[in-house]
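Student: Got a structure for you, written out below as structure tokens; questions coming shortly.
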Amino acid sequence: MAKESYKRDKPHVNIGTIGHVDHGKTTLTAAITSVLSKKGFAESRAFGDIDKAPEERERGITISTAHVEYQTEKRHYAHIDCPGHADYIKNMITGAAQMDGAILVVAGTDGPMPQTREHILLARQVNVPALVVFLNKVDIADPELLELVEMELRELLTEYGFPGDDIPIIKGSALKALEGDPEGEKAILELMDAVDNYIPEPVRDVDKPFLMPVEDVFSISGRGTVGTGRIERGRIKINEEVEIVGIKDTRKSVVTGIEMFQKLLDEGQAGDNAGLLLRGVDKTELERGMVIAKPGTIKPHTKFKAEVYILKKEEGGRHTPFFTNYRPQFYFRTTDVTGAVTLPEGVEMVMPGDNLSVDVELIAPIAMDEGLRFAIREGGRTVGAGSVTKISE
């Protein structure tokens, strides 16, 4: 059977379910597909089907993630659900599944639990733009308790920098919805309505300022130097001015040619593998790890705060803990740069399998923004992953 072509008639949004273990994330994911399938907007996916999530590798780390897709009247959604708590942490820190928004699932019978808190904090740290709350299991919870849970949740969200008073909290039962109960189904439609209206539509990569990480460099005699790589965001046209950022001092140039698969183009855009011919740039002035970007849109930095996950021994990580002044390589986009790690006050050492916030100082500057992902490596072997949460210098 021929594959159905992907129709771009609705805006596309990536979302996911987050929250404490056994609060009903996977049941809710199954319920959403079940309820929307009745409107012809989804293929119903059974709980067991989603729960057996396939393993994927992202930045050298194995993560189990289930992907489902569905539509509403307004949008097309790609939805991720992770079976295990560690998978969520790895997913959010590596950006394996970039989330434009998330549904925080909280059981009305329990209220916020430790992982609820941890997932909200992580969502804040890795810049998930918006959350919507689904208060689950309300059919078996005490109504007075539900009011308290809602208040507690709003306070918790505010504490972590989300607009706790404004976030939609939808009450329902994912299990009832999955069983076809009309009240249960109504809550799911209400939830999707909140997701449609409250989670903002993401800016598409092509509409962001131009940036291309340099993967390879070669010179064309008599014409100049070419940097090749995959355009990460934005568009580039011939004769546009660019900046070369990272490792060495930032310098300006002009793109005098754009090539893709040996063909000349007038314009390159996000997702293209392209070669850019740069005016007046010597081959020695361009190297892997630099980025070519729209002037003034990104700066090189050496010091930053990051949220990191350190691999367990079983995941191919370190066998021993590390301490302040640990000096691994940080792999950003296309290259490794050595850096020193400073642990937060009160943390003596970091064990394989931990996730925490650290300060890093690199020996050479790298073009970075908050939210940039990286791998932590020792001699080419991945031992962790991280996300830049704040630039210090």
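The chain as shown is numbered from 1 upward.
Using the three backbone atoms N, Cα and C, a Cβ is placed for every residue, glycine included.
Swiss-Prot feature annotations, pasted as is:
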- 19-26, 81-85, 136-139: GTP binding site (BINDING)
- THR26: Mg(2+) binding site (BINDING)
- 10-203: domain 'tr-type G' (DOMAIN)
- 19-26: region 'G1' (REGION)
- 60-64: region 'G2' (REGION)
- 81-84: region 'G3' (REGION)
- 136-139: region 'G4' (REGION)
Student: Under a criterion of Cβ-Cβ distance under 8 Å and sequence separation of at least 6, what residues of the same chain contact ASP22 (GTP binding site)?
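Tutor: Long-range Cβ contacts: ALA107.
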Student: Sorry to bug you, but what's the C-alpha spacing from THR26 (Mg(2+) binding site) to HIS85 (GTP binding site), rounded to the closest Å?
Tutor: 12
Student: Around LYS25 (GTP binding site), which residues of its chain at least 6 apart sit with Cβ under 8 Å of its Cβ?
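Tutor: The answer is THR17, ILE18, GLY19, ASP81, VAL105.
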Student: Which whole-number value in Å describes the distance between the Cα atoms of VAL138 (GTP binding site) and THR26 (Mg(2+) binding site)?
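Tutor: That separation, Cα to Cα, works out to 17 Å.
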Student: Give the three-state DSSP assignment (helix, strand or coil) for GLY19 (GTP binding site).
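Tutor: DSSP call for GLY19 (GTP binding site): strand.
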Student: Within the chain of the residue listed as 'Mg(2+) binding site', which residues six or more apart in sequence place their C-beta under 8 angstroms from its C-beta?
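Tutor: For the residue listed as 'Mg(2+) binding site', the qualifying residues are THR17, PHE47, ILE50, ASP51, ALA66, ASP81, PRO83.
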Student: What are the sequence-distant neighbours of CYS82 (GTP binding site), meaning same chain, six or more residues apart, C-beta distance under 8 angstroms?
Tutor: GLY16, ALA53, ILE63, SER64, THR65, ALA66, TYR88, ASN91
Student: Which bits of the chain, at least 6 residues beyond where the region 'G3' (81-84) starts or stops, bring a Cβ under 8 A of a Cβ in it?
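Tutor: 16-17, 25-26, 29, 50-53, 63-66, 68, 91.
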